[in-house]
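Working notes for the structure below.
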């Protein structure tokens, strides 16, 4: 049900905020713009700057309102008037980050706005002291037991207010944050859900709730308000849960209803494509976003990750210099510079910049993960483990941190730990072949060969990014003396390489041709064996074996040895490789395609 214009400010500024009536759909974009402008002001008054910026950016993407439709500021209550002087002074102190001073002058204030700023100042004071302690004991890697000492007191006071039903939407949001910081996750989720019902326009509450949801099943059981804000929340959580197809559909719907100029939505779409490793699409969107919003810093660390993967040194260098000119002390800027140095193999400098990012914001997920990668490059496994663990503390859905831990314990030759972490990464990214190949290698080391085979085949079935799954599966069949299955895997590997037009010159291609040459030779299929042996001659490591096999085939033919008719060939070479243009047949799936470990 759409809300009338007059209802919105009254609902928000009521003494004890009731459920806020806002639009349930996007049928009235003018009304939505009014609501966004209103909440941008209310969050700014309370020092919730990120929520204010998000609302303002979204409002800016909608058509401007005529003067007659612009809303006046919300009416001032009697309590607001009594606390006005204290609030004005305290807000000035708050804005320059003198949180204790702000809290001191707000003590005893009764208005909702002043009370929130009082409690929020105390919370941020505790966070600042904790972060200072963290930096002093450095590195961010020795964060250890440093806690925000204000949390327990804040919880007690906010709990009393909550039980008395005296918290408005902002108060509920802060109570939820305190509960989350105390690791009271279930209670925090309940409070954040309540906050979204009381004040659906506050993006910060939705975002905090998003950070606590671990899977789609958990999402289904949440009782969320039926408002247009829910669509933004669902698009965001789908992206976080790696449900990229659903996320992209949601964002496309938001563009279609009128938010096509939103830089937030465009950036989220780019992040979604980054998450599914559609690098070209993601790069294209980020480049377009940079043209529209050249001074934007948000998500530029993700953009730099894409440039890093593509080894685009000059573009990454330009991005790093550009962001330095805009704001060298932003966490995203530090991460971009870190990526630049990492691409140049200057890993100590890269780690230093990731540490700088963490001094600015110890809860910045990307910096922890990237620093873990750098410590891995420097062979400092203990520091890498700590960095990845901190990343998981910040966000348990970060598959890169779980995967990094798996790699670290693999280096330490601790396969059971390795298996646990790779499993967690696979749960978060079930269709990522890298996780499946890593799992397969782990099972192989633990001599659980059946499970290893399942993983390798599944990795191939979901789309093998690194084109190694079939080779590893073939070698496993070799180890088990399952020659026919090994040959099937190698021929499919060769077919895949040549069908997609890749020019691959590495050890595994030569390994495949060598095995196939020997396999066909044993089967007395001279034409196929000869073709594969000739291919072996193109590689340094198999050239001599290829020549020797060709000599043997020639000798046997000269002796009148005829090809066998008794041993059936399970498949044939691609027509482009076969001397006699034998047609190809699709490889049997080994009955493993539907099985996951």
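Note: Cβ is positioned from N, Cα and C throughout, glycine not excepted.
Features of the protein shown, as given by Swiss-Prot:
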MOD_RES   2  N-acetylalanine
MOD_RES   273  phosphotyrosine
MOD_RES   467  N6-acetyllysine
MOD_RES   562  phosphothreonine
MOD_RES   565  phosphothreonine
MOD_RES   582  phosphothreonine
MOD_RES   596  phosphothreonine
REPEAT    27-63  repeat 'TPR 1'
REPEAT    73-112  repeat 'TPR 2'
REPEAT    114-144  repeat 'TPR 3'
REPEAT    169-200  repeat 'TPR 4'
REPEAT    229-259  repeat 'TPR 5'
REPEAT    263-293  repeat 'TPR 6'
REPEAT    297-327  repeat 'TPR 7'
REPEAT    331-361  repeat 'TPR 8'
REPEAT    400-432  repeat 'TPR 10'
REPEAT    433-466  repeat 'TPR 11'
REPEAT    468-500  repeat 'TPR 12'
REPEAT    504-540  repeat 'TPR 13'
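Mapped onto DSSP helix, strand and coil, the repeat 'TPR 10' (400-432) counts 26 helix, 0 strand, 7 coil. Rounded to a whole number, the C-alpha distance linking residue 467 (N6-acetyllysine) with residue 273 (phosphotyrosine) is 21 angstrom. Mapped onto DSSP helix, strand and coil, the repeat 'TPR 5' (229-259) counts 28 helix, 0 strand, 3 coil. Note on the repeat 'TPR 3' (114-144): its mean pLDDT in the predicted model is 77. The stretch with the most CB contacts under 8 Å to the repeat 'TPR 1' (27-63), chosen from 169-200, 229-259, 297-327, 400-432, 468-500, is 229-259. According to its DSSP assignment, the residue listed as 'phosphotyrosine' is helical. For the repeat 'TPR 5' (229-259), the residues of the chain that approach it from at least six positions outside its boundaries are 22, 26, 29, 58, 61-62, 196, 200-201, 203, 206-207, 209-210, 213, 215-216, 219, 265, 268-269, 271-273, 275-276, 397, 399, 428-429, judged by C-beta separation under 8 angstroms.
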